[in-house]
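For reference, TrEMBL has these:
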- A:23-45: transmembrane segment (TRANSMEM)
- A:87-288: domain 'ABC transmembrane type-1' (DOMAIN)
- A:91-115: transmembrane segment (TRANSMEM)
- A:122-144: transmembrane segment (TRANSMEM)
- A:156-177: transmembrane segment (TRANSMEM)
- A:198-220: transmembrane segment (TRANSMEM)
- A:265-287: transmembrane segment (TRANSMEM)
Amino acid sequence: MTSAHTEPAAAHRPGVSGWSSRAIVTVIVAVLVLFFAIPMIWLLFATTKSARRLIVSNPFAPGSAGDLSTNWSQLFDFQDGAVTTWMANSALYAIGALAITLLASIPAGYALALTEFPFRRLLLVLTLVVMLIPNTALVLPIFLELNVVGLIGSPLSVILPMSFFPFGVYLTYIYFSTSIPRDLLAAARIDGCREFQVFTKVALPLAAPIVALVAFFSFVQNWNNFFLPFVMLPSSDGYPVQVGLTSLLASTPAFNPSSAGAQSVQLPTLALATVVSVLPVLIVFLVSQRFLVAGMTAGGTKD
Amino acid sequence: MTMVGNTVRPAAVAEEREAGRPPVPRSNAMSYGLISVYVVLALAFGIVPAVYALYLAFTDAEGGFAGLANFAKVTGDFRFWPAVTHVALYLIIWLVALVVLVTLLAVVVHAILARWLSRTLRFVFYLPGALAGASSVLLWLFVLDPTASPVGGLLRLLGFESFVQVIVPGNLPVIFAVIAFWAGAGSWIVIMYGALNNISAEVIDAARVDGANPVQIAWRIQLPMLRKWISYMCIMSLAAGTQLFIEPQLLSQASNAIVPNDYSLNQLAYQYAFQQNDFNGAAAISLLLLVIALALSAVFVTRGGLFERD
């Protein structure tokens, strides 16, 4: 979608008038912009400094490429390359769960929106209710449940619970019930499509936007999930990077003086770890901002 | 907290469509096939754990019926009420900041005529959302440590000379609210901005012709129309906020336990389960949290007109 779609003509906007109110609002907004931007910008600069320069130099002066590469090697040498393992784990968990989420929620959303079957309404209400339950609330019982079947510590113990993503089903349901004309499906049936073909040949090809939207939300949530892997995965080999960060933090003398030793992590290295840990999500965010805003407003302009 | 706000209004549309739709041929077998994977996941990781938590909360370690004993035990725990106070304070500060500042920023950004500026601002607000969870907490550990902080001067101006002084218990609800706001507000600003775009330009123009100034337009027209979205934001934030865990957990680790590891209710539940091996107590806490979150949500649903039609 084009940006013209999301932004109405400027001439129709109310302009802020009045000198003093404008000044006050400008100051408030400027302060908030600094609040949002400073930590991000500082973080990027911090990764290019040595531990000493981080403290003595201007926070917003760039460091050197040499220091960046020192920090980089310290980070990836930590515990014989643990960070690489954690990133790979995060990717496995996030993408594995994302795949199952799509497999489960796209057909389910379609069935709820465009077919008729007993318990359809019940299932819809249930989806809405479960959506409101914070996902950490169920982590402890899920732990006990997976403990019974002996899955604790296995990648499946985080992939499977994360694949249950009622919000994705709800989004798909909304999309199919508002964006696909029923006449189109009826026409396909008259042309001799069987029910299953109506789904695969007509609905699925039109579902690209919703697949992207569900994939975005699912991936970001999976990647950032902390509590579930924290509880399910006892061994460092299985940590996703978000949980791995706690190991790095525990080895940083600046925050944990008892940790000084061969494996200790300097502050700039920890800063670099923070950047590396969010890099995939950051890329997804950068790529998807435009389509997300478009998708978000499209729902409202349809009626 | 990710962006989850785009669906309230379309829900109403979907229901309206349902009223006058053409008959759909019933093919139960196929429908069941399509929803089967989802239903299995929902049973395994939604319904069964929820029922199991209920069962645990009302039984003792041997599986016998315990009545309200588990609830009496956890609410009688000396750590329980401090944890409740911590979470409540944090939630109040965070929700007030969200409602006031997100609405203000959305209205202001929407009123900015220069398109590039409006787009840049939305981007700056939105980007920190990528640093959710442990990453954002870690970043804020740096920001709050006067020796390394980019705003060390400001911290010293406020009388904080060291990290330990910054994270004294009295400051924590504010600190957690600031972290949550920093990472979470942007996506809501973008959502509210989208909602403001849906207010028809004629309504605004008419108000202006009648002599309304921008403040009046915001207060009398835009704000009432945002009411649903604001309630929705509050519900989702409440649900997430009652579960406070990573922030105090990491801070506890980073401060050598100056911040206790049972600061929040969710941490207390974790302590019950994995330090004391008392899953019944842990389930009781989870259940209490859930009931409180749902009850508070109900207030926003009824007061915020979330399920009313336009």
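The backbone N, Cα and C atoms fix where each Cβ goes, and this holds for glycine too.
Just so you know, TrEMBL annotations are computer predictions that nobody has curated.
What you are looking at is a predicted structure, and each value in this text was computed from that prediction instead of being measured.
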Would you mind listing the long-range same-chain contacts of the transmembrane segment (A:122-144), meaning Cβ under 8 Å and 6+ residues beyond its ends? 112, 152, 161, 166-167, 169-170, 173, 227-228, 231-232
Same-chain Cβ contacts of the transmembrane segment (A:23-45) under 8 Å, 6 or more residues past its ends? 16, 59-63, 271, 274-275
Same-chain residues at least 6 beyond the ends of the transmembrane segment (A:91-115) with CB under 8 Å of its CB atoms are 123-124, 127, 155, 158-160, 162-165, 168-177, 180, 182, 185, 195, 199, 203-204, 207, 210-211, 214-215, 218-219, 222-223, 225, 229, 240, 280
